[in-house]
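Chemist: After the structure tokens below, expect a handful of questions from me.
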Amino acid sequence: MATRVYMHTLGCPKNRVDSEVMLGTLAEAGYRLVQDPAQAEVIVVNTCGFIESAKEESVEAIVELADQKREGRCRKLVVTGCLVQRHAEELARELPEVDHFLGTGAYQDVARIVSDAQAKRLVVPDPDFVHSSATPRVNSLPSHTAYLKIAEGCDNACAFCIIPKLRGGQRSRPIDDLVAEAAALAAQGTVELSLVAQDLTAYGQDLPGKVRLHHLLPELAKVDGIRWIRLHYAYPRDVPDALVAAIADEPRIVKYLDMPLQHSSDRLLRAMKRGRDSVFLRDLLARLRSRIPGLALRTALIVGLPGETEADFEDLLRFVEEQRFERLGVFEYSAEEGTPAAEMADQVPDAVKRERRDRIMAVQQAISRAHQQAMIGRRVEVLVEGRAEETEHLLAGRHAQQAPEIDGLTYINDGVAYPGEIVTVEITDAAEYDLVGRVVARDPSRAARPLPAAPRAAPARKGGLNVLR
């Protein structure tokens, strides 16, 4: 019988892709993938080491899964990822129950190390690995959606960020290799590609021939079967007009852009080495809104950066009120050892960070409610995920401006659709993050397919839906 392996992934979508590559490598080597750690002889934990809370979550997961070595079938526990790249020796001392620690440059070696009784316990080479279309990969999301990692590493030197030390410098994948992987995913049923990298807009700057992101996007849009292409982690420093035009003019690129801006205070932008000032950021946002009507912007902000005064924070609060982002996440600054920001004076107390985060979110929640209410009565395309987790009487899906895993859902309370099908939905109700609607149109070829009955939502109920309360 094949040895069973379970993968536990923490952190960002880029980490998910790394886990999928390791799963593919293990599956190709003959391992059987399972969803229950209690059934696995081998457990792999792919960690995050970006900020303190992520490190704590990773260690807790390792300790919890180590119980399977004492109580379950597990005979080998492997820990990989950013936390290992950063703290391998310390982890090895503190966690004797772990058999192997693999850094971010060793993902391709996981099957060899797991199967070799003589393999080293610590395998932490330079972080220079980047997978290709020829690398085995198992998509861990529902088959209709997948992440496509177009580059690895980062050449920026943001004062608060440890990622370049964990992931190495920018390494872009060639266009033909990315198109080949996109085509392979489409052949498995993928209709939505979410493009990810540490710095998406830096794509190609390290490749010969002056290749950039706006050259890649039209090629991906030609892949048969791909309906939606979504852009994440777009660094704002370099967004040329050609890229804006590609997003505006190509129908398969959804009008959604995830662009972490971090702050609006010029003083803090300089201190954090972001490379652009607030005038540039405002001009960029205005250019994007003007050139791409209906664009949904998601951003991430940091409160409590070293030296952030009340005046700096008020500037950020006004910026959020002014820009009215469709989606927004706020992080409390975490002082990371080895970064310039950790050595700066005037560190902000944790209580102040929390209070500032809460104030930003209170403002954003009102903005989100207004955006959501404006959706009522509109007809939008929705990618159906399947039955809602909350109740079998609803279907759950996402419209083009709802990204997987991080944004809200569109619940369907009237109509029929298959998972992976894109249907037209009329929005009838809205909450802070989620929407409700009814199916008003389907692709005739899908509606007539001789398959088992598609999931059907229950008719709309008067008085709204409990799932939105």
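Glycine too: its Cβ is placed from the backbone N, Cα and C atoms.
Taken from Swiss-Prot, the feature [4Fe-4S] cluster 1 binding site covers Cys12, Cys48, Cys82. Annotation comment: Swiss-Prot describes Cys154, Cys158, Cys161 as [4Fe-4S] cluster 2 binding site. Under the heading compositional bias 'Low complexity', Swiss-Prot lists 447-461. Marked as domain 'MTTase N-terminal' by Swiss-Prot: 3-119. As annotated by Swiss-Prot, domain 'Radical SAM core' applies to 140-370, with the evidence given as sequence analysis. Annotated domain 'TRAM' per Swiss-Prot: 373-441, in sequence order. Residues or ranges marked as region 'Disordered' by Swiss-Prot: 444-469.
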Chemist: Taking the recorded [4Fe-4S] cluster 1 site as Cys12, Cys48, Cys82, identify the other residues of that chain whose CB atom sits within 8 Å of the mean position of the site's CB atoms, giving them in sequence order.
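Modeler: Filtered neighbour residues, in order: Leu10, Gly11, Lys14, Asn15, Thr47, Gly49, Phe50, Ala54, Gly81, Leu83.
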Chemist: With an 8 Å cut-off on Cβ distance to the Cys154, Cys158, Cys161 Cβ center, who else from the chain surrounds the [4Fe-4S] cluster 2 site?
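Modeler: For the [4Fe-4S] cluster 2 site, the extra neighbours are Asn156, Ala157, Phe160, Ile162, Ile163, Pro164, Gln198, Asp199.
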Chemist: Could you state the whole-number distance in Å separating the C-alpha atoms of Cys82 ([4Fe-4S] cluster 1 binding site) and Cys158 ([4Fe-4S] cluster 2 binding site)?
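Modeler: With distance taken Cα to Cα, Cys158 ([4Fe-4S] cluster 2 binding site) is 18 Å from Cys82 ([4Fe-4S] cluster 1 binding site).
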Chemist: So, in DSSP terms, is Cys161 ([4Fe-4S] cluster 2 binding site) helix, strand, or coil?
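Modeler: Cys161 ([4Fe-4S] cluster 2 binding site) sits in coil per DSSP, no helix or strand.
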Chemist: What is the Cβ neighbour count of Cys158 ([4Fe-4S] cluster 2 binding site) at a 10 Å cut-off, with all protein chains included?
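Modeler: Within a 10 Å radius of the Cβ of Cys158 ([4Fe-4S] cluster 2 binding site) lie 20 other Cβ atoms.
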Chemist: Measuring Cα to Cα, how far is Cys158 ([4Fe-4S] cluster 2 binding site) from Cys48 ([4Fe-4S] cluster 1 binding site) in Å?
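Modeler: Rounded to a whole number, the Cα-Cα distance is 18 Å.
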Chemist: What's the number of neighbouring CB atoms sitting within 10 A of the CB on Cys154 ([4Fe-4S] cluster 2 binding site)?
Modeler: 23
Chemist: What is the separation, in Å, between the Cα atoms of Cys154 ([4Fe-4S] cluster 2 binding site) and Cys12 ([4Fe-4S] cluster 1 binding site)?
Modeler: 15
Chemist: For each of Cys48, Cys82, Cys161, count the other CB atoms within 10 A of its CB; which of these binding-site residues has the top count?
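Modeler: When each Cβ's neighbours within 10 Å are tallied, Cys82 leads.
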Chemist: In whole Å, note down how far the CA of Cys161 ([4Fe-4S] cluster 2 binding site) lies from the CA of Cys48 ([4Fe-4S] cluster 1 binding site).
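Modeler: Cα of Cys48 ([4Fe-4S] cluster 1 binding site) to Cα of Cys161 ([4Fe-4S] cluster 2 binding site) measures 13 Å after rounding.
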Chemist: Report, in whole Å, the straight Cα-to-Cα distance of Cys161 ([4Fe-4S] cluster 2 binding site) from Cys12 ([4Fe-4S] cluster 1 binding site).
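Modeler: Rounded to the nearest whole number, the Cα-Cα distance is 15 Å.
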